[in-house]
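One structure is given below, encoded as C-alpha coordinates.
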Amino acid sequence: MVITEINLYHIEMSLLTPFSTSYGTVKDRALILIEVVDENGLSGWGEVVAFSTPWYTEETIETCTHILETFLIPSVLNQMLEHPSDLQKHFAPIKRNNMAKAGLDCAVWDLYAKRLQKPLWDVLGGTRSKVEAGVVVGIDQPHKMKEKIREHLHDGYKRFKIKIKPGMDYELIKVIREEFPELPLMADANSAYTLNDISLLKRLDDFNLMMIEQPLQSDDIIDHAILQKAIKTPICLDESIVSFDDARKAIELGSAKIINVKVGRVGGLTEAKRIHDYCVDKEIGLWVGGMLESGVSRAHNVALATLPQFHIPGDISASARYWNKDVIMPEVTVENGDITILNRPGIGYEVDVDYIRKIAKKIVAHKK
Ligand SMILES: O=C(O)CCC(=O)c1ccccc1C(=O)O
Ligand SMILES: [Mg+2]
(Lines of atoms letter the chains of each structure in order from A; the text may use other names.)
(Lines give C-alpha, C1' and ligand atoms only; values in the text may rest on other atoms or scores of the structure.)
(Ligands and ions follow the chains in the order given, each with its own letter.)
Protein backbone atom coordinates (compact mmCIF):
# COMPACT_ATOMS: atom_id res chain seq x y z
CA MET A 1 0.00 0.00 0.00
CA VAL A 2 1.05 3.57 -0.62
CA ILE A 3 -0.06 6.37 1.70
CA THR A 4 -0.74 9.34 -0.57
CA GLU A 5 -2.34 11.70 1.93
CA ILE A 6 -2.21 12.23 5.70
CA ASN A 7 -4.69 14.54 7.43
CA LEU A 8 -4.34 15.81 10.99
CA TYR A 9 -7.57 16.88 12.72
CA HIS A 10 -6.88 18.88 15.88
CA ILE A 11 -9.91 18.58 18.12
CA GLU A 12 -10.82 19.31 21.72
CA MET A 13 -13.51 17.54 23.70
CA SER A 14 -14.75 18.21 27.23
CA LEU A 15 -14.82 15.29 29.63
CA LEU A 16 -18.23 14.82 31.23
CA THR A 17 -16.49 14.82 34.61
CA PRO A 18 -12.98 16.13 35.37
CA PHE A 19 -10.48 13.31 35.97
CA SER A 20 -7.96 13.63 38.84
CA THR A 21 -4.75 11.67 39.35
CA SER A 22 -1.76 12.15 41.65
CA TYR A 23 -0.35 14.50 38.96
CA GLY A 24 -3.35 16.77 38.51
CA THR A 25 -6.74 17.12 36.83
CA VAL A 26 -7.84 16.84 33.18
CA LYS A 27 -11.05 18.52 32.01
CA ASP A 28 -10.67 19.61 28.40
CA ARG A 29 -9.04 16.97 26.28
CA ALA A 30 -7.12 18.09 23.19
CA LEU A 31 -6.41 15.28 20.70
CA ILE A 32 -5.20 14.82 17.14
CA LEU A 33 -7.05 12.39 14.90
CA ILE A 34 -4.93 11.09 12.02
CA GLU A 35 -6.41 9.98 8.72
CA VAL A 36 -4.14 8.15 6.27
CA VAL A 37 -5.41 7.74 2.71
CA ASP A 38 -4.07 5.15 0.27
CA GLU A 39 -3.72 5.18 -3.53
CA ASN A 40 -7.33 3.92 -3.87
CA GLY A 41 -8.82 6.63 -1.65
CA LEU A 42 -9.40 4.27 1.28
CA SER A 43 -8.91 5.80 4.76
CA GLY A 44 -7.44 4.48 8.02
CA TRP A 45 -7.70 6.28 11.35
CA GLY A 46 -5.45 6.73 14.35
CA GLU A 47 -5.20 9.11 17.29
CA VAL A 48 -2.46 10.99 19.12
CA VAL A 49 -3.19 10.49 22.83
CA ALA A 50 -0.56 12.86 24.28
CA PHE A 51 -1.92 15.49 26.65
CA SER A 52 -1.54 19.27 26.38
CA THR A 53 1.10 19.21 29.13
CA PRO A 54 3.88 16.65 29.73
CA TRP A 55 2.49 15.30 33.02
CA TYR A 56 2.11 11.65 32.05
CA THR A 57 5.03 11.26 29.65
CA GLU A 58 7.33 13.88 28.16
CA GLU A 59 5.25 14.24 24.98
CA THR A 60 2.58 16.87 24.39
CA ILE A 61 0.13 17.52 21.57
CA GLU A 62 2.53 20.22 20.35
CA THR A 63 5.63 18.02 20.37
CA CYS A 64 3.66 15.32 18.56
CA THR A 65 2.54 17.80 15.90
CA HIS A 66 6.15 18.88 15.38
CA ILE A 67 7.51 15.32 15.19
CA LEU A 68 4.72 14.17 12.89
CA GLU A 69 4.95 17.10 10.48
CA THR A 70 8.73 17.42 10.39
CA PHE A 71 9.84 13.79 10.55
CA LEU A 72 7.24 11.02 10.63
CA ILE A 73 4.84 12.13 7.90
CA PRO A 74 7.60 12.95 5.34
CA SER A 75 9.24 9.56 6.06
CA VAL A 76 6.02 7.66 5.25
CA LEU A 77 4.23 9.67 2.57
CA ASN A 78 4.32 7.97 -0.88
CA GLN A 79 6.43 5.08 0.43
CA MET A 80 5.50 1.51 -0.43
CA LEU A 81 4.44 -0.43 2.67
CA GLU A 82 3.78 -4.17 2.51
CA HIS A 83 2.65 -4.36 6.11
CA PRO A 84 2.13 -1.93 9.04
CA SER A 85 5.26 -3.31 10.70
CA ASP A 86 7.28 -1.81 7.80
CA LEU A 87 6.75 1.51 9.60
CA GLN A 88 9.32 0.42 12.18
CA LYS A 89 12.20 0.96 9.75
CA HIS A 90 10.88 4.41 8.82
CA PHE A 91 10.50 5.25 12.53
CA ALA A 92 13.90 3.85 13.57
CA PRO A 93 15.96 7.02 12.95
CA ILE A 94 13.53 9.00 15.13
CA LYS A 95 14.07 8.34 18.83
CA ARG A 96 11.14 7.79 21.20
CA ASN A 97 8.24 10.23 20.57
CA ASN A 98 6.06 7.15 20.90
CA MET A 99 2.66 8.82 20.99
CA ALA A 100 3.35 10.61 17.71
CA LYS A 101 4.46 7.30 16.17
CA ALA A 102 1.51 5.40 17.60
CA GLY A 103 -1.04 7.75 16.02
CA LEU A 104 0.36 7.00 12.58
CA ASP A 105 0.94 3.31 13.29
CA CYS A 106 -2.69 2.82 14.37
CA ALA A 107 -4.01 4.62 11.29
CA VAL A 108 -1.91 2.39 9.02
CA TRP A 109 -3.09 -0.79 10.85
CA ASP A 110 -6.72 0.29 10.36
CA LEU A 111 -6.09 0.98 6.67
CA TYR A 112 -4.24 -2.32 6.20
CA ALA A 113 -7.13 -4.30 7.72
CA LYS A 114 -9.65 -2.38 5.60
CA ARG A 115 -7.68 -3.21 2.45
CA LEU A 116 -7.87 -6.89 3.42
CA GLN A 117 -11.58 -6.37 4.21
CA LYS A 118 -10.96 -7.96 7.60
CA PRO A 119 -11.56 -6.72 11.14
CA LEU A 120 -8.45 -5.30 12.77
CA TRP A 121 -8.84 -7.59 15.80
CA ASP A 122 -8.63 -10.61 13.49
CA VAL A 123 -5.62 -9.25 11.57
CA LEU A 124 -3.82 -8.65 14.89
CA GLY A 125 -4.39 -12.28 15.87
CA GLY A 126 -7.19 -11.75 18.39
CA THR A 127 -9.13 -14.69 19.77
CA ARG A 128 -12.04 -13.11 21.68
CA SER A 129 -15.45 -12.02 20.42
CA LYS A 130 -15.90 -9.71 23.39
CA VAL A 131 -13.60 -7.99 25.84
CA GLU A 132 -14.18 -7.31 29.52
CA ALA A 133 -14.49 -3.69 30.56
CA GLY A 134 -12.91 -2.05 33.60
CA VAL A 135 -13.40 1.46 34.86
CA VAL A 136 -11.31 4.09 36.63
CA VAL A 137 -12.41 6.38 39.45
CA GLY A 138 -10.28 9.49 39.81
CA ILE A 139 -9.22 11.00 43.12
CA ASP A 140 -12.12 12.77 44.83
CA GLN A 141 -13.79 12.90 48.24
CA PRO A 142 -14.11 9.30 49.45
CA HIS A 143 -17.92 9.38 49.59
CA LYS A 144 -18.01 10.58 45.96
CA MET A 145 -15.59 7.85 44.89
CA LYS A 146 -17.82 5.26 46.58
CA GLU A 147 -20.86 6.73 44.85
CA LYS A 148 -19.07 6.40 41.47
CA ILE A 149 -18.15 2.79 42.23
CA ARG A 150 -21.81 2.02 43.03
CA GLU A 151 -22.86 3.53 39.68
CA HIS A 152 -20.23 1.62 37.72
CA LEU A 153 -21.09 -1.63 39.52
CA HIS A 154 -24.64 -1.09 38.41
CA ASP A 155 -23.38 -0.63 34.82
CA GLY A 156 -21.71 -4.05 35.06
CA TYR A 157 -18.01 -3.11 35.01
CA LYS A 158 -15.79 -6.03 35.95
CA ARG A 159 -12.68 -4.36 37.40
CA PHE A 160 -12.40 -1.14 39.39
CA LYS A 161 -9.35 1.06 39.56
CA ILE A 162 -9.00 3.95 41.92
CA LYS A 163 -6.34 6.60 41.74
CA ILE A 164 -4.33 7.12 44.93
CA LYS A 165 -1.71 9.59 46.14
CA PRO A 166 0.09 10.25 49.44
CA GLY A 167 -2.55 11.15 52.02
CA MET A 168 -5.29 9.56 49.91
CA ASP A 169 -4.21 5.93 50.13
CA TYR A 170 -4.53 3.61 53.15
CA GLU A 171 -7.59 5.22 54.74
CA LEU A 172 -9.25 5.77 51.36
CA ILE A 173 -8.86 2.13 50.30
CA LYS A 174 -10.00 1.06 53.78
CA VAL A 175 -13.32 2.88 53.54
CA ILE A 176 -13.87 1.55 50.02
CA ARG A 177 -13.06 -2.03 51.11
CA GLU A 178 -15.49 -1.71 54.04
CA GLU A 179 -18.37 -1.10 51.65
CA PHE A 180 -17.10 -3.39 48.85
CA PRO A 181 -15.17 -6.29 50.44
CA GLU A 182 -15.23 -8.50 47.32
CA LEU A 183 -14.81 -5.84 44.63
CA PRO A 184 -12.12 -6.61 41.97
CA LEU A 185 -10.19 -3.53 43.04
CA MET A 186 -6.81 -2.07 42.16
CA ALA A 187 -5.02 1.21 42.83
CA ASP A 188 -2.96 3.40 40.47
CA ALA A 189 -0.43 5.73 42.09
CA ASN A 190 0.99 7.31 38.91
CA SER A 191 4.52 7.35 40.39
CA ALA A 192 3.56 9.22 43.57
CA TYR A 193 5.73 7.17 45.99
CA THR A 194 9.38 6.27 46.59
CA LEU A 195 11.09 3.42 48.44
CA ASN A 196 10.91 5.64 51.55
CA ASP A 197 7.20 4.78 51.58
CA ILE A 198 7.83 1.04 51.70
CA SER A 199 6.13 0.52 55.08
CA LEU A 200 2.96 2.22 53.87
CA LEU A 201 3.02 0.24 50.61
CA LYS A 202 3.42 -3.00 52.61
CA ARG A 203 0.33 -2.13 54.65
CA LEU A 204 -1.70 -1.97 51.45
CA ASP A 205 -1.33 -5.77 51.35
CA ASP A 206 -4.20 -5.73 53.90
CA PHE A 207 -6.68 -4.96 51.15
CA ASN A 208 -6.29 -7.87 48.75
CA LEU A 209 -5.86 -5.53 45.77
CA MET A 210 -5.61 -7.13 42.33
CA MET A 211 -2.48 -5.03 41.85
CA ILE A 212 -0.88 -1.68 42.55
CA GLU A 213 -0.09 0.24 39.38
CA GLN A 214 3.10 2.29 38.97
CA PRO A 215 3.77 3.07 42.65
CA LEU A 216 7.32 4.43 42.02
CA GLN A 217 8.98 6.73 39.50
CA SER A 218 8.75 6.13 35.76
CA ASP A 219 12.33 4.99 35.33
CA ASP A 220 12.67 3.08 38.62
CA ILE A 221 12.55 -0.52 37.44
CA ILE A 222 15.27 -1.44 39.95
CA ASP A 223 13.34 0.12 42.83
CA HIS A 224 10.15 -1.58 41.65
CA ALA A 225 11.99 -4.93 41.80
CA ILE A 226 13.00 -4.19 45.41
CA LEU A 227 9.44 -3.20 46.25
CA GLN A 228 7.91 -6.28 44.60
CA LYS A 229 10.09 -8.49 46.84
CA ALA A 230 8.79 -6.64 49.90
CA ILE A 231 5.05 -6.64 49.16
CA LYS A 232 2.49 -9.33 48.33
CA THR A 233 0.30 -7.15 46.11
CA PRO A 234 1.36 -7.66 42.48
CA ILE A 235 2.99 -4.62 40.91
CA CYS A 236 1.70 -3.49 37.53
CA LEU A 237 3.91 -1.17 35.50
CA ASP A 238 2.47 1.61 33.33
CA GLU A 239 4.74 4.67 32.82
CA SER A 240 7.91 2.57 33.15
CA ILE A 241 7.23 0.49 30.03
CA VAL A 242 7.64 2.48 26.83
CA SER A 243 9.06 -0.31 24.66
CA PHE A 244 9.44 -4.04 24.20
CA ASP A 245 12.94 -3.80 25.70
CA ASP A 246 11.62 -2.06 28.81
CA ALA A 247 9.12 -4.89 29.24
CA ARG A 248 11.83 -7.51 28.76
CA LYS A 249 14.15 -5.85 31.32
CA ALA A 250 11.42 -5.24 33.91
CA ILE A 251 10.28 -8.86 33.66
CA GLU A 252 13.86 -10.11 33.91
CA LEU A 253 14.43 -8.00 37.06
CA GLY A 254 11.13 -9.02 38.67
CA SER A 255 9.90 -5.42 38.74
CA ALA A 256 6.31 -6.34 37.85
CA LYS A 257 3.95 -9.28 37.58
CA ILE A 258 1.52 -7.38 35.38
CA ILE A 259 1.88 -4.82 32.60
CA ASN A 260 -0.62 -2.19 31.51
CA VAL A 261 -0.13 -1.96 27.73
CA LYS A 262 -0.99 1.40 26.23
CA VAL A 263 -0.66 1.63 22.48
CA GLY A 264 0.34 5.30 22.61
CA ARG A 265 2.96 4.87 25.31
CA VAL A 266 4.76 2.02 23.51
CA GLY A 267 4.66 3.57 20.03
CA GLY A 268 1.87 1.65 18.33
CA LEU A 269 0.19 -1.70 17.78
CA THR A 270 3.25 -3.43 16.29
CA GLU A 271 5.25 -2.83 19.49
CA ALA A 272 2.22 -3.58 21.71
CA LYS A 273 1.83 -6.94 20.00
CA ARG A 274 5.54 -7.71 20.45
CA ILE A 275 5.18 -7.05 24.18
CA HIS A 276 2.06 -9.21 24.24
CA ASP A 277 3.75 -12.14 22.52
CA TYR A 278 6.73 -11.99 24.89
CA CYS A 279 4.47 -11.93 27.96
CA VAL A 280 2.62 -15.08 26.88
CA ASP A 281 5.75 -17.16 27.51
CA LYS A 282 6.69 -15.26 30.67
CA GLU A 283 3.21 -15.62 32.20
CA ILE A 284 2.96 -11.91 32.85
CA GLY A 285 -0.57 -10.59 33.33
CA LEU A 286 -1.65 -8.05 30.73
CA TRP A 287 -4.40 -5.52 30.27
CA VAL A 288 -5.02 -2.63 27.91
CA GLY A 289 -4.67 0.81 29.48
CA GLY A 290 -6.61 3.97 28.67
CA MET A 291 -5.73 7.60 27.99
CA LEU A 292 -9.08 9.40 28.26
CA GLU A 293 -9.20 9.02 24.52
CA SER A 294 -11.78 9.34 21.77
CA GLY A 295 -13.58 6.44 20.14
CA VAL A 296 -10.89 6.07 17.47
CA SER A 297 -8.28 5.04 19.98
CA ARG A 298 -10.86 3.18 22.08
CA ALA A 299 -11.65 1.06 18.99
CA HIS A 300 -7.94 0.22 18.59
CA ASN A 301 -7.80 -0.66 22.30
CA VAL A 302 -10.77 -3.02 21.96
CA ALA A 303 -9.08 -4.76 18.99
CA LEU A 304 -5.81 -5.14 20.92
CA ALA A 305 -7.61 -6.54 23.97
CA THR A 306 -8.85 -9.52 21.91
CA LEU A 307 -5.30 -10.96 21.93
CA PRO A 308 -5.11 -14.05 24.17
CA GLN A 309 -2.84 -12.81 26.99
CA PHE A 310 -5.09 -9.85 27.84
CA HIS A 311 -6.82 -11.79 30.62
CA ILE A 312 -7.40 -8.84 32.92
CA PRO A 313 -10.21 -6.35 32.15
CA GLY A 314 -8.58 -3.12 30.93
CA ASP A 315 -9.27 0.60 31.25
CA ILE A 316 -11.65 0.33 28.31
CA SER A 317 -14.94 1.89 29.30
CA ALA A 318 -18.01 2.97 27.34
CA SER A 319 -17.83 6.16 25.25
CA ALA A 320 -20.62 7.58 27.42
CA ARG A 321 -18.41 7.32 30.50
CA TYR A 322 -16.25 10.14 29.05
CA TRP A 323 -18.10 12.05 26.35
CA ASN A 324 -21.40 13.63 25.59
CA LYS A 325 -20.86 12.57 21.99
CA ASP A 326 -18.01 10.39 20.72
CA VAL A 327 -16.40 10.65 17.27
CA ILE A 328 -17.31 7.11 16.17
CA MET A 329 -20.55 5.41 15.14
CA PRO A 330 -21.81 3.42 16.90
CA GLU A 331 -20.29 4.50 20.22
CA VAL A 332 -18.53 1.90 22.36
CA THR A 333 -21.03 0.40 24.77
CA VAL A 334 -20.64 -1.91 27.74
CA GLU A 335 -23.26 -4.59 28.36
CA ASN A 336 -23.03 -6.80 31.42
CA GLY A 337 -19.44 -5.65 31.72
CA ASP A 338 -18.49 -6.67 28.17
CA ILE A 339 -17.75 -4.84 24.94
CA THR A 340 -18.82 -6.90 21.94
CA ILE A 341 -16.43 -6.88 18.99
CA LEU A 342 -17.79 -5.55 15.69
CA ASN A 343 -17.03 -7.75 12.70
CA ARG A 344 -16.54 -5.01 10.15
CA PRO A 345 -13.31 -4.18 8.30
CA GLY A 346 -10.61 -2.25 10.18
CA ILE A 347 -11.43 -0.79 13.59
CA GLY A 348 -15.06 -1.76 12.92
CA TYR A 349 -16.50 1.59 13.97
CA GLU A 350 -17.24 4.33 11.47
CA VAL A 351 -15.53 7.66 12.09
CA ASP A 352 -18.02 10.53 12.17
CA VAL A 353 -16.04 12.75 9.78
CA ASP A 354 -18.77 15.40 9.52
CA TYR A 355 -18.75 15.81 13.29
CA ILE A 356 -14.95 15.92 13.41
CA ARG A 357 -14.85 18.57 10.70
CA LYS A 358 -17.40 20.56 12.65
CA ILE A 359 -15.53 20.51 15.97
CA ALA A 360 -11.96 20.66 14.55
CA LYS A 361 -9.90 23.67 15.64
CA LYS A 362 -7.51 23.02 12.75
CA ILE A 363 -7.24 20.51 9.89
CA VAL A 364 -3.89 20.13 8.17
CA ALA A 365 -3.59 18.04 4.99
CA HIS A 366 -0.23 16.59 3.92
CA LYS A 367 0.32 15.28 0.40
CA LYS A 368 3.08 15.47 -2.14
O1 LIG B 1 -8.85 5.98 30.20
C2 LIG B 1 -9.21 5.87 31.37
O3 LIG B 1 -10.30 5.41 31.68
C4 LIG B 1 -8.34 6.32 32.50
C5 LIG B 1 -7.04 5.65 32.46
C6 LIG B 1 -6.02 6.23 33.39
O7 LIG B 1 -5.99 5.82 34.53
C8 LIG B 1 -5.11 7.23 32.90
C9 LIG B 1 -5.60 8.29 32.17
C10 LIG B 1 -4.79 9.29 31.71
C11 LIG B 1 -3.45 9.22 31.95
C12 LIG B 1 -2.92 8.16 32.69
C13 LIG B 1 -3.75 7.15 33.14
C14 LIG B 1 -3.11 5.99 33.83
O15 LIG B 1 -3.43 4.82 33.58
O16 LIG B 1 -2.20 6.19 34.60
MG1 LIG C 1 -1.59 4.22 35.15
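The backbone N, Cα and C atoms fix where each Cβ goes, glycine too.
TrEMBL names ASP188, ASP238 as Mg(2+) ligands; from the candidate set GLU147, GLU151, GLU213, GLU271, the record adds GLU213 to that same site.
Residue counts for the domain 'Mandelate racemase/muconate lactonizing enzyme C-terminal' (142-234) under DSSP, helix first, then strand, then coil, are 46 helix, 13 strand, 34 coil. In the shown protein chains, 23 other C-beta atoms lie within 10 A of the C-beta of LYS163 (active site, proton donor). Neighbours of the Mg(2+) site: apart from ASP188, GLU213, ASP238, residues of the same chain with C-beta atoms within 8 angstroms of the site's C-beta centroid are LYS161, MET186, ALA189, ASN190, ILE212, GLN214, CYS236, LEU237, GLU239, ASN260, GLY289. On the 0 to 100 pLDDT scale, the domain 'Mandelate racemase/muconate lactonizing enzyme C-terminal' (142-234) averages 98 in this prediction. Using LYS262 (active site, proton acceptor) as the reference Cα, a 10 A cut-off selects none from the recorded positions LYS163, ASP188, GLU213.
Checking the recorded positions ASP188, GLU213, ASP238, LYS262 for a CB within less than 6 Å of any atom of ligand 1 leaves ASP188, ASP238, listed in sequence order. Close contacts with ligand 2, defined as a Cβ under 6 Å from any of its atoms, occur at ASP188, GLU213, ASP238 among the recorded positions LYS163, ASP188, GLU213, ASP238, LYS262.
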